[in-house]
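Feature annotations, reproduced from TrEMBL:
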- 327-541: domain 'Histidine kinase' (DOMAIN)
- 20-44: transmembrane segment (TRANSMEM)
- 50-67: transmembrane segment (TRANSMEM)
- 74-100: transmembrane segment (TRANSMEM)
- 129-153: transmembrane segment (TRANSMEM)
- 165-187: transmembrane segment (TRANSMEM)
- 199-224: transmembrane segment (TRANSMEM)
- 245-267: transmembrane segment (TRANSMEM)
- 273-294: transmembrane segment (TRANSMEM)
Amino acid sequence: MKHSFYEVFASVRAATKGALLFDAAISAVYVFAWIALFRAAIAMGAAPGVSAWFPPAGLTFAFLLRFPRLWPMAYVGVGYIVATAPYPHSAVAIFLSWAIPPTTYVVGVHALRRSLGYARIDLANMRHLIAFSIASLLVPIAAALALIVTFCADELIPWANYWDMVLRFSLGDAIGIVTLTPALLLTRTDWVAATNGRSLIWLVASFIAIGLALYVETVAVVLGQDQGPMSYFLMLPIAWTAMHFGNVGSAASSLIANISITVASWLAPDHRIVAGAPYFMLSVGYLGLIIGSMTSERERSVQKLRVQERALDRAYTHFTGQQTAAKLAHEIRQPLAVVSTYVEGLVGYIEKDANRTDDALMLAKRTDREVQRIGEIISAAQSKIEHAAGQRETFDFSSVMQDVDPLLRQICKDHGVTASFDVIASARVSGVKASLQQVMVNFVRNACEAMSAVPPADRRLIVESNLGDERINVTVSDNGTGLAEDMEKAGHALFASTKIGGSGFGLPISKTIIEGHGGALSILNRPEGGAVISFWLPVVKAPRS
């Protein structure tokens, strides 16, 4: 469908107008938030531009990471400081004090984004976390080194205080970044997931615990005691929150902690908190960030394993459907052949006997055609299912285990089972890898569930393999309940279940899959308790060079 030039121009203008309105709104919010945070920072009464922590630094860092195209706005907030605060008086010093901090942040954030391939920063990714942590320290240090030179050259700060001011300035900015930026980088989905259902109760409880610890800290300072003897207890609820809620918990708890310390400084105007708090606040921020990142990364890995498990379950179900369809087709085709023979005989009798009516002959022929059509439908359905079941390929059996190793270990961990996997890496087999992977997942899951009645400390699972005569032998051993004695003696082990309440259907399906790969499966009780599943697969010989 063709559009006129005017229609195209109008649509482009509408889209551009929408983008401009969005950018304008974001910019306005950023400026007002920056000014509000700056006024809150200087309310602590520290030296010009230096406080126990500087929240605008965290806001600017997050803003440049989220909206890099709006980088000129970074100069607006600093312009407000230069215009309203008693900063340098010379024109050169005024210009430098306005240009140095935002330029350093713009360049530093650009370098951070470039090192990550301009991907959206993800603090649950360890590589991103390390890069962010380094940048959160180097950018403030670079800005402080250059900016304090300007202050000293303009005689606003004595040269003797240069390094002290650089340290205080860079610490304040670093705390602002590590405290505020992670919270601003979290998405709505992150917050909803962390505050959903029962989790919200625990999240609020952890915040209350942090508040109580801070209350004790604040009261200690106000009553004239030394720098918070109870302050180190604050680490416990922050670490607990980060461990249970990941980046959301660490970001929120660090933010609450540092805001509360700021309030404490207002209650103690002699600046005893300002003197020692930055180091404590910085350690709180990085502690929460590291623990939260590791927790979020673990949760994400678990979710990926669950997705992989569901995918393998679907492949497993598909394979069993293929096997069932093949058996049904085989069973149905035989009686259909008999029926077809009877119909052919009936047609022969009718054709030889002239007294038979034409209607009977027509009915018999139609019956024969319908029988043939049913056979064709079954054959076509079987062909489609077999085609969709997966292509056979040649691969190292160890790759079967490597691909599902994290999933198998997570299953064992969920059931409190100590597992050992020892699979050789020199046996090549031919087949459908996804089917063999699901067989291993099924064996390990069944073994873990079979040990539910065993004390957790005694639960052991061993997966081993060895090369035999042109085949690979694999065993899965557990110390669970094992097979009922009568089932084992009757030879029905493959139709039994080694777990409480099990249907016993999984092993026959696994047997079908293994036999479909040219192998065999057996299951026996171990003399020392539990069961051992053994199977073998033929090894593909390497071609001669």
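Backbone N, Cα and C define each Cβ position, glycine as well.
For the transmembrane segment (165-187), the neighbouring stretch richest in Cβ pairs under 8 Å, chosen from 20-44, 50-67, 74-100, 129-153, is 50-67. Mean pLDDT across the domain 'Histidine kinase' (327-541) comes to 74 in this model. Listed by sequence, the residues of this chain that lie at least six past the ends of the transmembrane segment (129-153) yet keep a Cβ under 8 A from its Cβ atoms are 48-49, 57, 61, 87-88, 93, 96-97, 100-101, 104-105, 108-109, 111-112, 115-116, 121, 123, 159, 161-162, 165-167, 169-174, 177-178, 181, 286, 289-290, 293.
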